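*Asks:* I have a structure I would like to understand better, so I am pasting it below and will then ask my questions one at a time.
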Amino acid sequence: MEQTYEYAWIIPFIPLPVPMLIGAGLFLFPTATKSFRRMWAFQSVLLLSIVMVFSIYLSIQQINSSSFYQYVWSWIINNDFSLDFGYLIDPLTSIMSILITTVGIMVLIYSDNYMAHDQGYLRFFAYMSFFSTSMLGLVTSSNLIQIYIFWELVGLCSYLLIGFWFTRPVAANACQKAFVTNRVGDFGLLLGILGFYWITGSFEFRDLFEIFNNLIYNNEVDFLFVTLCAVLLFAGAVAKSAQFPLHVWLPDAMEGPTPISALIHAATMVAAGIFLVARLLPLFRVIPYIMYLISVIGIITVLLGATLALAQKDIKRGLAYSTMSQLGYMMLALGMGSYRSALFHLITHAYSKALLFLGSGSIIHSMETIVGYSPAKSQNMGLMGGLRKHVPISKITFLLGTLSLCGIPPLACFWSKDEILNDSWLYSPIFAIIAWATAGLTAFYMFRIYLLTFEGHLNAHFQNYGGKQKTPFYSISLWGKNGVKKNSCLLTMNNNESTYFFAKTKYPIDKNGRKMTRPFMTIAHFEHKAVYSYPYESDNTMLFPIFVLGLFTLFVGSIGIPFNQEGGNLDILSKWLAPSINLLHQKSNNSMDWNEFLKDAVLSVSIAYFGIFIASFLYKPIYSSLKNFELINSFVKKGPKRILWDKIINGIYDWSYNRAYIDAFYTRFLVGGIRGLAEFTHFFDRRVIDGMTNGVGVISFIVGEGIKYIGGGRISSYLFLYLAYVSIFLLVYYLLFSTL
């Protein structure tokens, strides 16, 4: 077994040849490299599959032996300082390696079809393979220096992938926003690393934890400085995992291709922050203020992400805010010390969210044949609806991911989220109330996304593009400004946007694309006729990864269920994490009280079903046909209560649609303040600093010109003036010093 561990250092480097060979091929033999581009995709999948098999084998060995393995190479610079490079294989490493490889393989297979007609196909696969290399290097690092190096490489890859379509100004701005926001956290991470090295004299995790715990036990450290260093370390995780207040880059990151969104939100970039906090938890747990800060940031992010998802019209942005909220649950669990629950939710959420993003990509792909190749249109849920008849496989798998994220048993996220909710009662009742309420919000906004996308009729066929008439045919409201601001019935859609899809603009479909015959029909609507096509199901290359992730969503939660209660009541996950849990808690109780579990499960599932019911009441098409019934009319009647209710709804909508005004606050005060400071600095430099320098020159020029006109050109006059000035100077000097 030890021989197997000795070769674990190769894990990050196995996918690396693909980006290197693609880059060299495009530089030296561009035509030949592009002609064999499918071969590069196959190699990317093959190499990552090798890493996956190796990671699974290491995980099985760890489950059976419950051991760590660390290997270090030392580069001695002098007698007082040396750089150590190595790798650490422990339960956290093996979990993250399996997540990265399994999700990464599914995304690569999916991308082969999704990016088939993109000119940047090879560049995309080069970035993806390098992204996997960077993340695998991060999770296998044995010290903080390696962590920081691969941390920056992960940030670089995310910058390249978010701005993959860099010719679009929106995508270029999004990748810059992500890069700059993460620079704030990365700078804090670097300062924190240097601070703890100054305290302990080591970058290695095992030595760092041992030395620091001894210093704390003997009260030999400055707690204020230690707390500051810990906060700086945590700032890196806050930025990378999109936690409040450095979350603003996450929704804009949706400007990249959809497979990138799946990888970033499931197993790579946003998971890196959770991984860092989990890795450094032995360091943080002896600093109570930091643990409380982690839990506070987590619970704020949980609620904020859920509220911001309520009014999103873009399907990918809605899922992005959902990711933000679920990451908040993980951070809350880590802050409470629930190490196992946090990693369990990291696993279950990764597969569920990858399923949802790839499913949304399939939906977007199908909508592009109708509304054109524009993200603002193909991702707009207001133009969707009724897709269950056209994309049934995507509908079923998307529903699985939605139910899992809502916490409906027996799907994956039910088991992990329920543990976090139960632990929150023991930690803080206030945090528990917020966490449980947010579980209901999660069910509401996730089913809102599902219903707007799949239920009812296809909205793109019934849009009133002229904006002169109301369109009551299809009455699911998107809860947008057009519906809410005018105090119209919540279940009626008004279209006042002057957007033309079929009347004025034609969107040709690539002839080299899918050669599929689709039914066309002519729909007469408000005295105008147009020819419409319907969405279609994606190809098998895209459906296969979605199907596999659906299976993961169904069954991955079983690793945390204690089936065998004899002799310790350990489930697979607890046995897997036993070395890490024992390191954190010497006397860990892994037993499960099934009665308590059932009570809490009934409550959490009831809250989830309540959120689903509210979403169904507001967005399911069956209620749109009840517009004349007394129940619906009671909501529409005007009156003081109705006006107050409209104000509340408008306020919630504005809060959610405007991203809680946090972006506006940063733009006005932070960006505006920096620009104001820059303008003041520019003014001071040009007017004051340069003014003093230029002023001396101007004065010298004026004095010189004045003297030039005084002089008459006679040397005798110059000598007379010179002697006169010297005589006056000597006289003054004599008078001053003779009196002393």
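Backbone N, Cα and C atoms are what each Cβ position is placed from, and that goes for glycine too.
Worth saying up front: this structure is predicted, and the values here are computed from it rather than measured.
Sequence annotations record features per position, and here Swiss-Prot assigns transmembrane segment to 9-29, 40-60, 125-145, 147-167, 219-239, 258-278, 286-306, 327-347, 425-445, 543-563, 602-622, 717-737 (among others) based on sequence analysis.
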*Asks:* List, by number or range, the same-chain residues at least 6 past the transmembrane segment (425-445) whose CB is under 8 A from its CB atoms?
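*Replies:* Distal contacts: 295, 299, 302-303, 306-307, 309-310, 318, 322, 325, 329, 332, 336, 405-407, 417, 603-604, 607-612, 614-615.
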*Asks:* Apart from its near flanks, which chain residues at least 6 from the ends of the transmembrane segment (286-306) lie with a Cβ under 8 angstroms of it?
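*Replies:* Distant contacts of the transmembrane segment (286-306): 212-213, 216, 223, 226-227, 230-231, 234, 238, 242-244, 247, 277, 321-337, 427-428, 431, 434-435, 437-438, 441-442, 445, 660.
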*Asks:* Could you name the stretch, out of 40-60, 125-145, 147-167, 602-622, with the greatest number of CB pairs under 8 A to the transmembrane segment (9-29)?
*Replies:* 125-145
*Asks:* Residues of the same chain, at least six outside the transmembrane segment (327-347), with any C-beta under 8 angstroms of its C-beta?
*Replies:* 92, 95, 99, 237, 241-244, 270-271, 273-274, 277-278, 281, 285, 291-305, 412-413, 415-417, 419-420, 423-424, 426-427, 431, 435, 556, 559-560, 573-574, 577, 580-581, 584-585
